[in-house]
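Peer 1: My questions all concern the structure below.
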């Protein structure tokens, strides 16, 4: 008995790059004995056998159902607008790495049932490839050129070439295609130039470049001496700043102490001894022209009876007194002027 058959048996494995489109073929032929309704299912078979198959799209009872698998919603469709024509192929748009898996097409029309499996591998092109230089770029040193792609499905392969000058790599170079490292031993000035790295896999390539400049060795002794001199100069400048700051701080502190201890706008208080000395000095000045012979009748006031400071400060509170008449010696011959000297009575009052 003849039943439906799937005719697309040529290709069962596909490799595509991320972002591309793929068409998974599933064409079939119906027989006269197949009289039941036509059903077409696409399922995703997980790599883990413990998980169940997942229906991603289905055609049944003249309708299309494509809401079963959220990861492919909006990115898959039947290639033919009418799958009843014998074409149940599936288109997947904007492929992603997660779309990698085994897809199975099932065609049912009672009593016939046929299926076909297709392996899809979504590869990521090399991207964001970066080139760098490791080691000292000095004459006689070993230099390593590195090349790494941030994105890309394995297996990635790296290849270096020289852009400037001769296209050939130096004779002492060693290339590791798997790691992307190019080792240049005993570098010389002739090694200087631009080098380019190409990262590739089965679905694409990416490229980067780097500039190598081999120079004579650096005079390390001069650099060390310069660093030492610079350090000493910096330390001396720092010490000078700290010394000036401390000196200024001590001067301000001294000014504050002097300001609190001495006030120039307040005169010092008068002492009793200074009052007495000023009083005696005035008496001596007035009697300086007297001779001892003319001082016999003059009444002397003892030093213990010198008026006190209170007497000078508040003369208004002292009781009124009348000057006593004291016989003055005849001083007309010497041209002296008589002076009235206050005396103290027995009761302590001034007369």
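One is the number of the first residue shown, and numbering goes on along the chain from there.
Note that Cβ sites are derived from N, Cα and C of the backbone, with glycine treated the same way.
Quick caveat, the model's predicted, so the values are computed rather than measured.
For reference, TrEMBL lists these features for the protein:
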- 18-121: domain 'Ig-like' (DOMAIN)
- 126-215: domain 'Ig-like' (DOMAIN)
- 258-318: region 'Disordered' (REGION)
- 258-267: compositional bias 'Basic and acidic residues' (COMPBIAS)
- 271-307: compositional bias 'Polar residues' (COMPBIAS)
Peer 1: For the domain 'Ig-like' (126-215), provide the mean pLDDT of the predicted model.
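Peer 2: Summarising the domain 'Ig-like' (126-215) by its mean pLDDT gives 94.
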Peer 1: How many of the residues that make up the domain 'Ig-like' (126-215) does DSSP mark as helix, as strand and as coil?
Peer 2: 3 helix, 51 strand, 36 coil
